[in-house]
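Student: Quick paste from Swiss-Prot:
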MOD_RES   S2  N-acetylserine
BINDING   T57, D131, E156, K186, D190  substrate binding site
BINDING   157-159, 222-227, E243, N248, 299-301, N346, H353  NAD(+) binding site
MOD_RES   S183  phosphoserine
MOD_RES   K186  N6-(2-hydroxyisobutyryl)lysine
MOD_RES   Y193  phosphotyrosine
Amino acid sequence: MSDKLPYKVADIGLAAWGRKALDIAENEMPGLMRMRERYSASKPLKGARIAGCLHMTVETAVLIETLVTLGAEVQWSSCNIFSTQDHAAAAIAKAGIPVYAWKGETDEEYLWCIEQTLYFKDGPLNMILDDGGDLTNLIHTKYPQLLPGIRGISEETTTGVHNLYKMMANGILKVPAINVNDSVTKSKFDNLYGCRESLIDGIKRATDVMIAGKVAVVAGYGDVGKGCAQALRGFGARVIITEIDPINALQAAMEGYEVTTMDEACQEGNIFVTTTGCIDIILGRHFEQMKDDAIVCNIGHFDVEIDVKWLNENAVEKVNIKPQVDRYRLKNGRRIILLAEGRLVNLGCAMGHPSFVMSNSFTNQVMAQIELWTHPDKYPVGVHFLPKKLDEAVAEAHLGKLNVKLTKLTEKQAQYLGMSCDGPFKPDHYRY
């Protein structure tokens, strides 16, 4: 691998801009800054060779530099062909950290980028930090000889976690993994509050559409769907939910949303957002019944929720309006506006989640990497969670920035509740 490129980004000349953006983001990411303060001297990740496959954004750049500060060697690729922020990638490359990512990769380039992160100067990767499971799957299928040397996987997102559990059930998973997604300070913050802000940002930047007065259809009412529905309602849209789960459907109904099927909702909606992580949510028969210039987008991890293939094969005309905005004319004369080719709209058409909420998620990632690297005996092959105490520590690290003052339990109160004054304050099954 001696002839490997030290990095490949769109434009290394963007590094100075990227560095300015990182400086601002650091001030909004108190959890990661706390990790640096606490562990920069002890370097708990010394010896770790972390291959990361996660959206190469400004926030991710702060995560990468935190991992390096804690002693790790790091090589990086993005987990989505459109999600890289080129100035952030340039800043990381300029800092001497191998990164292989640019906005607008082809599928072939995407795979090439991931493969560049597998071998370091001192040997192959020994840790995985993944978002969506593409790196994990690639190692298990194409590079199984590397598996014995890998100490652990930390997985960022719902789709990747589903993949891990599926692999475990089928006896395919060969490496211990920590499910970062289902840490409370990830799923109840990044998935909900992050999407609540970044969805609208993506739709607005792509289309400049007025949301007030429109009918918005949100497929799925998990944490991501909840955040999207709140945002659209907040901007004045009438929101319709589609759901498979009776509990989530009841939650949506109790919040005042109409809940129906996509076969019915497709005739009413002006804006469609898929959030499910499942295949075949919006199909050809739905497109054919949509209103003229219906806006269709996805905020789930992969591009499988919207049948983009059907659009490309059946539309009479496809006009590219601007990057990641395409207008299809159907045989019935009506048009469909598709954002980000059915991939993540908030990263394809905007800048993704704000730095503060990503600090929650990425502090969990750092803790997961430290746990797996320093305590391998605690984590046999399987899918694990971070301890509740660490989840609470992530939240606590972010309170000062918001000027939050916690009430402290007295010894008498703690004894009455049967817990320590310092937590954990909830049982593992508590849902928040």
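We count from 1, first residue shown onward.
Just so you know, glycine gets a Cβ as well, placed from its N, Cα and C.
Let's see these features in context: how buried, what's close, how far.
Tutor: DSSP gives E156 (substrate binding site) a coil state; it is part of no helix or strand. E156 (substrate binding site) has a Cβ environment of 28 other Cβ atoms inside 10 Å.
Packing around G225 (NAD(+) binding site) is summarised by its Cβ count: 29 other Cβ atoms lie within 10 angstroms of its Cβ, all protein chains included.
Taking the Cβ of S183 (phosphoserine) as centre and 10 Å as the limit, one finds 27 other Cβ atoms among all the protein chains shown.
In this structure, K186 (substrate binding site) is part of a helix by DSSP.
Around the Cβ of Y193 (phosphotyrosine), the same chain contributes G227, V357, each under 8 angstroms and 6 or more positions distant in sequence.
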Student: With the substrate site defined by T57, D131, E156, K186, D190, which remaining residues of that chain have Cβ atoms positioned within 8 Å of the Cβ centroid?
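Tutor: Result: L54, H55, T157, V180, N181, H353, M358, S361, F362, Q365.
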Student: Hey, how far is K186 (substrate binding site) from T157 (NAD(+) binding site), Cα to Cα, in Å?
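Tutor: Between the Cα atoms of K186 (substrate binding site) and T157 (NAD(+) binding site), the distance comes to 9 Å.
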Student: For a quick check of understanding: given the listed substrate-binding residues T57, D131, E156, K186, D190, what is the maximum Cα-Cα distance in angstrom, as an integer?
Tutor: 17
Student: Taking Cα-Cα distance, which of the recorded positions E156, S183, D190 are within 10 Å of D223 (NAD(+) binding site)?
Tutor: D190
Student: Using Cα-Cα distances with a 10 Å cut-off, which of the recorded positions T57, D131, S183, D190 are near T159 (NAD(+) binding site)?
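Tutor: D131, listed in sequence order.
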